[in-house]
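Per TrEMBL, these features apply:
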TRANSMEM  48-69  transmembrane segment
DOMAIN    49-528  domain 'K+ potassium transporter integral membrane'
TRANSMEM  81-101  transmembrane segment
TRANSMEM  167-189  transmembrane segment
TRANSMEM  209-227  transmembrane segment
TRANSMEM  234-256  transmembrane segment
TRANSMEM  282-301  transmembrane segment
TRANSMEM  313-333  transmembrane segment
TRANSMEM  353-373  transmembrane segment
TRANSMEM  410-428  transmembrane segment
TRANSMEM  434-458  transmembrane segment
TRANSMEM  465-485  transmembrane segment
TRANSMEM  491-510  transmembrane segment
DOMAIN    542-712  domain 'K+ potassium transporter C-terminal'
Amino acid sequence: MDRQTGRSDLTAAAAAVQSDAAVMVAVHDGETINNDQKDPSRWETLVLAYKTLGVVFGGLVTSPLYVYPSMPLKSPTEDDYLGIYSIMFWTLSLIGVVKYATIALQADDQGEGGTFALYSLLCRNINIGILSSKSASLNSSHSYVNQSKKPSRLGKFCERSLIARRVLLFIAMLGMCMLIGDGILTPAISVLSAMNGLRARFSSVSKSLVEGLSAIVLIVLFLLQKFGTSRVSFLFSPIMGAWTLTTPLVGIYSIIKHYPSIFKAISPHYIVLFFLRNGKQGWIYLGGTVLCITGSEAMFADLGHFNRSSIRIAFLYTIYPSLVLTYAGQTAYLIRNPDDHFDGFYKFIPSAVYWPIFVIATLAAIVASQSLISATFSVIKQSVVLDYFPRVKVVHTSSIKEGEVYSPEVNYILMILCVAVILVFGDGQDIGNAFGVVVSMVMLITTILLTLVMIIIWRTPPALVALYFVVFFVMESVYVSAIFTKITEGGWIPFAISLILAFIMFGWFYGRQRKLEYELTHKIDSERLRTLLIDPGLQRVPGLCFFYTNIQDGLTPILGHYIKNMRSLHKVTVFTTLRYLLVPKVAPDERIVVSKLGLRGVYRCVIRYGYADTLSLEGDALVNQVIQSLRAHVLHCSNSLEVDNEVSKLEEAKLAGVVHIRGKTRFYIGKECGWFDRTMLAFYEVLHSNCRSALPAMGVPLPQRIEVGMLYEA
């Protein structure tokens, strides 16, 4: 599962060869790796659109709970509120409708969306990052990349520049870190803001009581994660549907009662007047208004669970008008009651419907939190399978929904951090500042990657690319700059979280690359393997051995270490490589690729998965699938006499016993290593010694596991 950046282009190219050789069999001649699926009917699309309410839009539709309370308003006037509403309206319209619902949803990676999907899309179309189409073609007669288009200048530059590839990888990693930070802050701010309704209603309720209740709700929510959400997920959409229906109705009531002409603020000139009047303070207020678009990234990130039509329908016809009316109602109320912005949501709720709204708001906050927790599990899983993150336990909590996963280690770390954020930074404004950093940074990263997709893949006319980039990059950069003023007021939280995560990811990535470099340098080629196997002192023992190797272009040096010390090898040995590809899914019939290595009883097996796939081959199922693939390969490649002989040997070996051998390597860090190498490799060793083994994740029984220790010289 190693990926290459390498310390030289030669090493990077070699690493790319072993990483990508299997891709070509899975995808070629215009075929995709996904199973063919017919387009859903109109009714099915509407049903999907309804389901998106409970999964995709939880964070976005609950944002009215904390937008106004997060703004540091000082004696706001009617014109100030009109300017703020105008900013929120155009932010929702431009970023929500134009950027995400119209443009971003078109940039799917075979149905998958999100930051990493954009990155993998770029990697597979030009020679950048960790999937090089050119190096892949070295090992295959098929080419994944459509060569009918001449590479763009920017694509050629990225192909040639190692710095460009590393910058792109850094951007993708930063995006993943920020999304994980989102999974920490969304539950904290959503539940705390919902529970703050008690203080808005009863002045005697203390702040510490609200914080304690919020922490209890989150602890219970995290403790229930191990049971999965299948049994209660059918309630998510009705809850969010009730929320998106009731809040705009209250908004309409507030507009009629308090300020019927509120929609005049749609005119952009109110934005200009707002900044002319408030100057620098108006710029600082942007740190709060950006929260109105919280969760919009989920429209794109959750594309793989639904489809673009269902998400667009739900957003354009339900979510967008609901938010526009809700914010209009809040603003109308605050124009008449300008000092109530600290409780900007609950104060504008009429007393007669307070308790029903409070209950719905609390449930909606829990659903929104659940959506981000589940999304965090998915991001961690993708990072693990693509070898950007240390292996953690991933449990599939549903036999029906493939993407429903749970990680105990990640879950409890998230719980501790969420509760800590609430108890340490109980002020909703401080958490809002931290949340604003995440929201604005994720949007900016998506804009950069989308611009590259437009230029390199879509070949969009330069004028349109320039228009898109100028509008959204400038707009989001202004938001980011405003948020940076809040670093000392809670804004440092996501940076600290992202810095820690980035250090872990880079440390793991760096160590894996150094290990890959060593294995490629000391690999066992076919001639060396032949020499080892014809040694008269080598004993071929009965049984079937799966010998795991990280490289495809040759065999791991651990094999030589094993044979030298054990002086034996099983009669049937299958050198097995788990290969996670930068594609969402691999079709089941293309998952296992086997070949003969030209030596008696020795085979090569590559098991391929996409980053959204489930490691579904476990224990005996893996053995049976590989045996079936080997039998089919032997039948296809051998004459009848050899077929009977080889098939019988395969069956005999399986009956004699199955064993799985993997390396357990460590670095020997010599004195000649520089301080950077020593630090990063020592950190990698700490991560590696505390992460989970790959064999338990595959369901390999404990008695069948053998780990071979070996020192790699750094």
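Backbone N, Cα and C atoms are what each Cβ position is placed from, and that goes for glycine too.
Model, not experiment: these values are computed from the prediction.
Model confidence over the domain 'K+ potassium transporter C-terminal' (542-712) stands at 84, taken as the mean pLDDT rounded to a whole number.
When Cβ-Cβ distances under 8 Å to the transmembrane segment (410-428) are tallied for each of 81-101, 167-189, 282-301, 434-458, the top count falls to 167-189. Taking Cβ pairs closer than 8 Å, the transmembrane segment (209-227) reaches residues 187-188, 191-192, 195-196, 198-199, 362, 366, 369-370, 373, 395, 397, 406, 408, 411-412, 414-415, 418-419, 422-423, 426 in its own chain, all 6 or more past its ends.
Most Cβ pairs under 8 Å with the transmembrane segment (234-256) belong to 48-69, among the candidate stretches 48-69, 353-373, 491-510. Among the listed stretches 81-101, 353-373, 434-458, 465-485, 491-510, the one sharing the most Cβ pairs under 8 Å with the transmembrane segment (48-69) is 353-373. Contact between the transmembrane segment (465-485) and the transmembrane segment (81-101) is present: at least three CB pairs lie under 8 Å, with pairs separated by 6 or more positions in sequence.
Beyond the transmembrane segment (81-101), the same-chain residues lying 6 or more positions past its ends with a Cβ under 8 Å from any Cβ of the stretch are 60, 67, 71, 262, 264-268, 270-271, 273-275, 277-278, 282, 285-286, 289-290, 292-293, 296-297, 299-300, 311-312, 315-316, 320, 323-324, 327-328, 331, 334-335, 338, 443, 446-447, 450, 471-472, 475-476.
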